[in-house]
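If you check Swiss-Prot, you get these features:
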type	residues	note
TRANSMEM	34-54	transmembrane segment
TRANSMEM	78-99	transmembrane segment
BINDING	H84, H183	heme b b562 binding site
BINDING	H98, H197	heme b b566 binding site
TRANSMEM	114-134	transmembrane segment
TRANSMEM	179-199	transmembrane segment
BINDING	H202	ubiquinone binding site
TRANSMEM	227-247	transmembrane segment
TRANSMEM	289-309	transmembrane segment
TRANSMEM	321-341	transmembrane segment
TRANSMEM	348-368	transmembrane segment
Amino acid sequence: MAPNLRKHHPLLKMVNNSLIDLPTPSNISAWWNFGSLLGICLMTQILTGLLLAMHYTADTSLAFTSVAHTCRNVQFGWLIRNLHANGASLFFICIYLHIGRGFYYGSYLYKETWNTGVILLLTLMATAFVGYVLPWGQMSFWGATVITNLFSAIPYIGQTLVEWAWGGFSVDNPTLTRFFALHFLLPFIIAGLTLIHLTFLHETGSNNPLGISSNCDKIPFHPYFSTKDILGFIILLLPLMTLAMFAPNFLGDPENFTPANPLVTPPHIKPEWYFLFAYAILRSIPNKLGGVLALAASVLVLFLAPFLHMSKQRTMTFRPLSQLLFWTLVANLFILTWIGSQPVEHPFIITGQLASLTYFTILLILFPITGMLENKLLKL
């Protein structure tokens, strides 16, 4: 009998082991769909981004008009641009839900998979930031100025670093050119890191809602989870298309309809919604260096998750105290997101500071203590 090509061909064998014959726990829920949804987001962003790059000009005098030209004169240019801009929002929704799932179900105990995932998040954040600068609107320009300026808080080398990043003494043409180059490059780095992420995941196999070994009860990925993933794709693409068609500017900033002007500062400089939680943490500390450190810590704290796990149980499925803490953290992140969009005025300043303090307290102190307390309760 001829050998099965799917199982023996050097390339098809890899696809087979990852997407067809992959042994998968039979009880993984819809929360496990977000990995594949992120893959679809990445592919959509690369495709729409490539089409946009064909019509874009990375020059301060032409960038804004080239984006307007794409929307007005290119066949379906408006749709490609709207899909790309709103696709970024959906990408972040998916990645935040994916991280939340990993946190809830203790997936961070697969350390390599978790760490590559956090690196992926950081790379995605960098990509989104440099991409937001490209249309060269007011918020693009001032967002770039404010965020890159944060590097000047680094002692001794800060100012040199900022001028090196700008390619001059302010955000100008060299900055835009290099940001375009980076925005083109980074998604492909993300794609490469994704393969590493999956390689590490397939070393251990997927976790499951019970957090126990599922080796005795696994089913092939195809047709069960391939079908489930396709349903996920449809459910993901529906809101994306709806947003892109009916409310394309709903998540954007109206300030970005004005071309960049270094002489006029917008009344409220704020990033896109998906960075607001970190922006609120940055603003909650009155010291520049302290704010930058807190901003970095807000994401880098994820690297500590495996070391802060004190519970004898992997997931939070049967840990009501940790569940309460988890949902408090989620609510806290919503509060931070809201605070980040507000002006720096009385009620918002103290609220942001309390929310920032709560964020780090829950992650670094309360989670480990609760884990140990639940271990004690198990013995009663």
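Each residue, glycine too, has its Cβ placed from N, Cα and C.
Everything Swiss-Prot records as a feature, shown here on the structure.
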residue : record                   : Cβ within 10 Å
H84     : heme b b562 binding site : 20
H98     : heme b b566 binding site : 21
H183    : heme b b562 binding site : 22
H197    : heme b b566 binding site : 21
H202    : ubiquinone binding site  : 14
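In this chain, the transmembrane segment (289-309) does not touch the transmembrane segment (321-341); fewer than three CB pairs sit within less than 8 A of each other, excluding pairs fewer than 6 residues apart.
A straight line from the CA of H98 (heme b b566 binding site) to the CA of the residue listed as 'ubiquinone binding site' spans 17 Å. Put simply, H84 (heme b b562 binding site) is 24 Å from H197 (heme b b566 binding site) when counted between their Cα atoms. Below 8 A, the CB atoms of the transmembrane segment (179-199) and the transmembrane segment (227-247) form no more than two pairs separated by six or more positions in the chain, fewer than 3 in all. Among the listed stretches 34-54, 78-99, 114-134, 289-309, 348-368, the one sharing the most Cβ pairs under 8 Å with the transmembrane segment (227-247) is 78-99. H202 (ubiquinone binding site) and H183 (heme b b562 binding site) have their C-alpha atoms 29 Å apart, to the nearest angstrom.
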